[in-house]
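Engineer: My questions all concern the structure below.
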Amino acid sequence: MKTLDKAADALEAFIEWTGRFTSWIILALVLLIAIQVLLRYTISLGAVWAQELEWHLLAVISLWGLSYTQKADAHVRVDIVYEKFSERTRQWIEAFSAIFIMAPMCFYFAWLSVRFVVQAYTTGEISPDPGGLTHRWILKTFLISGFALLGIQCVAHALRNIALILNGGKGDQHADE
Amino acid sequence: QQTFNFKMTTTWPAGTPYYQSGPGSAEAFAKRVEDMSNGRLKIKVYAAGELVPAFEGFDAASAGIVEMNHGVSYYWAGKTFAAQYFATVPFGMSFMGHHAWLYHGGGIDLWNEVYKPFNVVAMPVGCSGVQMTGWFKKPVESVSDFNGLKMRIPGLAGRMYADLGVDVKLLPGGEIFPALERGVIDAAEWVGPYLDRRLGLQNAAKYYYTTGWHEPATTSEIVINQGAWDKLPKDLQAIVRAAADATNQEGLLWLDAKNGEALSDMVDNFDVKIARLPDDVIKALRESARTTLEDAAAKDPMVKKVHESFFNFKKNHDKWNQISETTFQTTVR
Amino acid sequence: MPMNEILSILMLVSFIVLLTLGVRVAYAIAISGVVFGLIGFGPMLFNLLPSRLYGVATNYTLLAVPLFVFMGVMLEKSRIAEDMLDVMGHVAGRLRGGMGVAIIFVGVLMGAATGIVGATIVTLSLIALPTLLKRGYDHGLATGAICASGTLGQILPPSLILILLSDLMGESVGTLFAAAIMPGLMLAALYVIYILVVAWIWPNVAPAIPAAERAQVSGKQLIIDVIRGVLPPILLVFAVLGSIIGGVAAPTEAAAMGAFGALVIVAISGKLSMSVLRQTLRSTLITTSMIMFIIFASQAFSLAFRGLGGEDLIGEFMELVPGGLWGTIIFMMILLFILGFFLEWIEISYIVLPLLLPFFVAAGVDMVWLAMLICMNLQTSFLTPPFGWALFFIKGAAPPEVQIGSIYKGVIPFIGLQVIGLALLMMFPDIATWLPKAIGWMK
Ligand code: NA
Ligand code: NA
């Protein structure tokens, strides 16, 4: 059980790091758009690549944020019935769904995206707008990494709940935040 | 007899006339194929976003996940710059010359050569004719009026306007109207009178400039996955080609008929003023278009091949066009 | 019944069962789609999925989500939102429901800057919900008011539904935008009236600030508080809406002006520290991804629904249309409403409208009016339990003590108000068509 928790700790530490990093991209996004608006309004200055960077950043934020959000247990659920289950039942539901639903779904999404990225890579896809961003395959890899990271967090979630179940339902100090 | 069921994605919003629905559209093409083949080839058409987002259908057809995609080749300029030429060429040729090149000047063959690595077969399926320069909040009288002008203009033309000092803005279809109406942008480009009126642009800006130097013959395409195409028997292949040609003609003529009515309506009822781009602006844009295309041709042998084919054809065609079409339009009519 | 239609029904059932068991919404909807799509269609179908995921991740209008959420979290963490609502409560004096009314106004203002419902609902609940709860508002009324006013962004321009409808119906975007303003404001007015009436009848549902507390604040102090508490939010409204109206920013960009404005205001007020910024960014990331994940995951469900030919199922259902103009309109309204339980509005529009629009065109129905009916109807479907997305979004952003059961109960009266609004619009088409005609955008 200690081993399971240790493994979960390690995975979650990694997710925590990627999430903290990603959160700063939001500030970059706010400043990027605000500065563009002000420059355009005041001195009619703008660049195609900077406009494209806006939704590039959205992709990074939304995809890399998924795992951090799972770690914070902030993906919504309908808890009308769930609330009424015993602690033990909930642990079983969590372990079961993490192993058979959440993690497989994430890795399936990531795996599907590989071919999509390869297609962009082999054709050397760039923006169709002159002055736009190049290397579009890099942007597309965030589909793979985003869902893979979420899958890793789901594995950590499974480990924690298995540990809890094996431990007779009692968590140690590392229970999910 | 074997029947085939194909899926065709498009780059167009559901219901858009000429492109997605009605005469000359993707749906009209599919219906024609089904009728001509007596139901042996059924093509189910999906609008942008229905199966995949607008600009993802080409990749889907390329990978064989859907059999066909309906769009315009310049959307794939980011995958291969040479694709730009088959749709339309800035300061190129209008419908007559452009399609003469495509069908009888080697254009379609080059098109398929360019698409070979993408595993698709291409053919023309519609043409918008000469488009419009676009909508301007204020009159533009000289090159200097373009310096600092904020314009919604995607694609290659954006590069040429940028050379004139235009601040190029990319906006999704739905934000064009509010942005132009409020003056976030000073100008916007869409298609021509009929489709522009549908967007309501006559309510946002009053100066409607001609001519579509940047899109003199915008030609729609269907691309068909190579494997799916090879599986079709010869007669069905011939039907697809014939249906594409028929739809191409239908769309061009239908839109031409509608544009006249829409233009008169906007001038008479919406106080729209028609204006022509000043000569010095045309001159500057032409120079920019020339160098941009020549630079691209110098960088890539495939682009060079297509570029030379197009402009060699144009040289001869221009002479003929000058003494026939142009003379008729300027002195006889 | 063909196999695939059975599978699409089973897919829906499995979603409901997983959701009920407490599997998180996004995973429940994705796995149902994936499993039944694979059974019915095979793996080929999901090769289309990455394109759809990429389309969501890079969707320009969805930029409003992180931007507005950032603004909301910033205002919450810096307590500016709380101060503003408190001052509004003081200004309302003995009048109960004052803060609730303020929420509706903010909802209208935000709805005028974006069409992304997730962004408005979440931002409103970040800004207002904790304060409303602290002030003793009923959980149901507070969350219902936020959900309802948050969905106003769906009908108030810029509206994504109207953009899609303009393509489908051949009406100009400008005309539809103009037509939507009065119906949207009418709904807002209905909400306001409802809150005031409810607060007047049941004193504990939306209490005023206690007299004793109000007595501590002198008239002069209140004026100072108003300037201090309400000025920053007014500046923000100016940053967002002013930049659209003044032609500084396009709608989605205006959300960034709001986010940037919040940052500046908090900095000026001296409440911006490294730790506030760090926490704000992390909360923003979590809330943004919560919304985006539901949208990502629903792509698998929608794709499977299309792959299994779910539209044929609906096509068969169409044979039940009772006939006649009003019969068909009411049938369509009910159909949109039911589909809204489990499909995204965009899928509904693609599936239902092409089937029914030719009938309405042939019947000579005013398309502008019809567009407003459809838009208002789809807006309502965001709210309907158990699957209205607005409910998931607010649950994701609300403090943990707010249970989904009270959210469900809370929205029901607002759904009733929407139905009243819909009925009024059906009876009086001028509500929609008057404005565009008055400004000459509609003949
Ligand atoms: Na155009
Ligand atoms: Na809106």
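Yeah, the Cβs are placed from backbone N, Cα and C, and that goes for glycine too.
Nobody curates TrEMBL annotations by hand; they come from automatic prediction.
Here the structure is a predicted model, which means the values were calculated and not measured.
According to TrEMBL, the feature transmembrane segment maps to C:12-41, C:53-75, C:101-129, C:141-165, C:177-202, C:222-248, C:254-272, C:284-305, C:325-343, C:350-374, C:410-428. What TrEMBL lists as domain 'TRAP C4-dicarboxylate transport system permease DctM subunit' is C:12-430.
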Engineer: Do we see three or more Cβ pairs under 8 Å linking the transmembrane segment (C:53-75) and the transmembrane segment (C:177-202), pairs being at least 6 apart in sequence?
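Structural biologist: Between the transmembrane segment (C:177-202) and the transmembrane segment (C:53-75), which are separate recorded stretches, there is no contact, as judged by 3 or more close Cβ pairs.
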Engineer: Could you give the mean pLDDT over the domain 'TRAP C4-dicarboxylate transport system permease DctM subunit' (C:12-430), rounded to a whole number?
Structural biologist: 86
Engineer: Could you tell me whether the transmembrane segment (C:410-428) and the transmembrane segment (C:141-165) are in contact, taking contact to mean 3+ Cβ pairs under 8 Å with a sequence separation of 6 or more?
Structural biologist: yes
Engineer: Which sequence-distant residues neighbour the transmembrane segment (C:101-129)? Criterion: at least 6 residues beyond either end, Cβ under 8 Å.
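Structural biologist: Distant contacts of the transmembrane segment (C:101-129): 61-62, 64-65, 67-69, 71-73, 75-76, 81, 85, 88, 92, 142-143, 145-161, 163, 184-185, 188, 191-192, 195-196, 237, 240-241, 244, 251-252, 254-255, 258, 287, 291, 294-295, 382, 389-390, 393-394, 396-399, 402.
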Engineer: Between C:12-41, C:222-248, C:254-272, C:350-374, C:410-428, who has the most Cβ pairs under 8 Å to the transmembrane segment (C:284-305)?
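Structural biologist: Ranking C:12-41, C:222-248, C:254-272, C:350-374, C:410-428 by Cβ pairs under 8 Å to the transmembrane segment (C:284-305) puts C:12-41 first.
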Engineer: Quick test of the contact rule: Cβ under 8 Å, at least six residues beyond the ends. What residues does that give for the transmembrane segment (C:410-428)?
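Structural biologist: Distal contacts: 138-145, 147-148, 183, 186-187, 190-191, 194, 198, 329, 333, 369, 372-373, 376-377, 379-380, 383-385, 388, 390-391.
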Engineer: So if I exclude everything within five residues of the ends of the transmembrane segment (C:254-272), which remaining residues of that chain have a CB under 8 angstroms from its CBs? That is, six or more out.
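Structural biologist: Distal contacts: 63-64, 67-68, 70-71, 74-75, 78-80, 113-114, 119, 232, 235-236, 239-241, 243-244, 248.
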Engineer: Which residues of the chain, 6 or more past the ends of the transmembrane segment (C:222-248), have a CB below 8 A from one of its CBs?
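Structural biologist: That would be 71, 75, 80-81, 83-84, 86-88, 90-91, 109-110, 112-113, 254-255, 257-258, 260-262, 265, 269.
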Engineer: Give the nonlocal contacts of the transmembrane segment (C:325-343) in its own chain as ranges (CB under 8 Å, at least six residues past its ends).
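Structural biologist: Long-range Cβ neighbours of the transmembrane segment (C:325-343): 12, 15, 301-302, 305, 314, 317, 351-352, 356, 359-360, 363, 365, 370, 373-374, 377-378, 380-382, 384, 386-388, 422, 426.
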